Amino acid sequence: MAFVTRQFLRSMSSSSSASAAAKKILIKHVTVIGGGLMGAGIAQVAAATGHTVVLVDQTEDILAKSKKGIEESLKRMAKKKFTENPKAGDEFVEKTLSCLSTSTDAASVVHSTDLVVEAIVENLKLKNELFQRLDKFAAEHTIFASNTSSLQITNIANATTRQDRFAGLHFFNPVPMMKLVEVIKTPMTSQKTFESLVDFCKTLGKHPVSCKDTPGFIVNRLLVPYLIEAVRLHERGDASKEDIDTAMKLGAGYPMGPFELLDYVGLDTTKFILDGWHEMEPENPLFQPSPSMNNLVAQKKLGKKTGEGFYKYK
């Protein structure tokens, strides 16, 4: 009797696992909205892993620039990866680019896609308008995902009729190099959608981690308050920015100090995230604005990209 019971339970378990696996969507066709640094990076890694990818932006000029950047990135990767076999490197670049196409008409391509990844400017109104429009044209099974780093996924998903097929996919810059992807599950995101996205991230060679739809998710929720506290330490005159950076590199083992990292990321980017959180939770001491950072942003001193931030760059 015990043997029969074990066999029955094993059979039920196998059937259940097979059924659950069958429910997941195998993502083969990906549409990336936004040809900027993040969107182009996401498109590149998806194409490099054999997915059919369409990169969408407003103009052909933007897309041409994006595709050129992707090609240059692939050539650099091929040179490092295929040092002993340049021909294999050329084939890798050619094969990846053959999986990638571009379009200025998102509505015309989403009807046949498995996944839409949005990587446009961090503006809730624009994201809502985009997804509300795409929702009318996308296939029933299509999953929507936002690469937002600061907005809540629920507030973006509410513009659609597919909240159960909506989640966050937060990649990190530079996308081809950074292994981490935060998969954000809202209260409405189905388990099928979540598992499909986790599997997709793994096919990209990434390491997915899961987080609820909380401000900043995991990395930014820990990182931004740390960066701002370093700025406050400097604002109070407790230590110089140089000594703070040195202390965190030599004492905590961080590869970059907080001021170096702020300049690398862009002061405007960090300010945008902090301002959004402060608006949501004005009494939270972690989210209070930084006068010195606000002053630098007002002067357009945004970090390395403008030649000056907390430090000056030649």
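Cβ coordinates are placed from backbone N, Cα and C, and glycine is handled just like the others.
If you look up Swiss-Prot, you'll see 1-12 marked as transit peptide.
Taken from Swiss-Prot, the feature NAD(+) binding site applies to G34, G35, G36, L37, M38, G39, D57, E122, K127, S149, N173, K305, supported by similarity to another entry. Listed in sequence order, S66, A119, I120 are the same-chain residues at least 6 apart in sequence whose CB falls under 8 Å from the CB of G36 (NAD(+) binding site).
Using a 10 Å Cβ-Cβ cutoff, S149 (CoA binding site) registers 22 neighbours. The CoA binding site annotation in Swiss-Prot covers S73, K80, S149 and rests on similarity to another entry.
Taking a C-beta cut-off of under 8 angstroms and a sequence separation of 6 or more, K80 (CoA binding site) has no same-chain neighbours. DSSP assigns K80 (CoA binding site) to a helix. Taken from Swiss-Prot, the feature N6-succinyllysine applies to K80 (among others).
Within 10 Å of the Cβ of K81 (N6-succinyllysine) there are 13 other Cβ atoms, across all protein chains. Residues annotated as N6-succinyllysine in Swiss-Prot, with a large-scale study or a structure entry given as evidence: K81 (among others).
Feature annotation from Swiss-Prot assigns N6-succinyllysine to K87 (among others); the stated evidence is a large-scale study or a structure entry. Other C-beta atoms found within 10 angstroms of the C-beta of K87 (N6-succinyllysine) number 8, with every protein chain shown included. The secondary structure of K87 (N6-succinyllysine), as reduced to three states from DSSP, is helical.
Under DSSP, K127 (NAD(+) binding site) is assigned to a helix (H, G or I) in the three-state scheme. Cβ neighbour count for K127 (NAD(+) binding site) (all protein chains, 10 Å cutoff from its Cβ): 21. Residues or ranges marked as N6-(2-hydroxyisobutyryl)lysine in Swiss-Prot: K127.
Per Swiss-Prot, the feature N6-succinyllysine maps to K136 (among others). A 10 Å cutoff on Cβ-Cβ distances gives K136 (N6-succinyllysine) a total of 10 other Cβ atoms nearby, all chains included. In three-state terms derived from DSSP, K136 (N6-succinyllysine) belongs to a helical segment.
H170 (site 'Important for catalytic activity') carries a strand DSSP state (E or B). Annotation source Swiss-Prot lists site 'Important for catalytic activity' at H170.
Summarising the annotation, Swiss-Prot assigns N6-succinyllysine to K185 (among others) and lists a large-scale study or a structure entry as the type of evidence. Under the DSSP three-state reduction, K185 (N6-succinyllysine) is assigned to strand.
For K192 (among others), the entry in Swiss-Prot reads N6-succinyllysine. In the three-state DSSP assignment, the secondary structure recorded for K192 (N6-succinyllysine) is helix.
Feature annotation from Swiss-Prot assigns N6-succinyllysine to K202 (among others). Counting only same-chain residues at least 6 apart in sequence, those with a Cβ under 8 Å from the Cβ of K202 (N6-succinyllysine) are P208.
Residues near K206 (N6-succinyllysine) in space but far in sequence (CB under 8 A, at least 6 apart, same chain), listed by position: V45, F171, K179, L180, V181. Look at Swiss-Prot and you will find K206 (among others) tagged as N6-succinyllysine, backed by a large-scale study or a structure entry.
The Cβ neighbour count for K212 (N6-succinyllysine), using a 10 Å radius and every protein chain shown, is 12. Sequence annotations record features per position, and here Swiss-Prot assigns N6-succinyllysine to K212 (among others).
In sequence order, A230, H234, G257, F259, F310, Y311 are the residues near K241 (N6-succinyllysine), counting only same-chain partners six or more apart with C-beta under 8 A. Summarising the annotation, Swiss-Prot assigns N6-succinyllysine to K241 (among others).
On its own chain, K312 (N6-succinyllysine) has no residue at least 6 apart in sequence with a Cβ closer than 8 Å to its own Cβ. According to Swiss-Prot, the N6-succinyllysine annotation covers K312 (among others).
Cα-Cα distances to S149 (CoA binding site) place H170 within 10 Å, out of the recorded positions K87, H170, N173, K185. The sparsest Cβ neighbourhood within 10 Å, among the listed binding-site residues (S73, N173), is found at N173.
Cβ neighbour density within 10 Å is lowest for K192 among the recorded positions H170, K185, K192. Under the three-state DSSP scheme, K212 (N6-succinyllysine) falls in the strand class.
Long-range neighbours of G34 (NAD(+) binding site) (same chain, six or more residues apart, CB within less than 8 Å of its CB): V56, D57, E118, A119, I120, N147.
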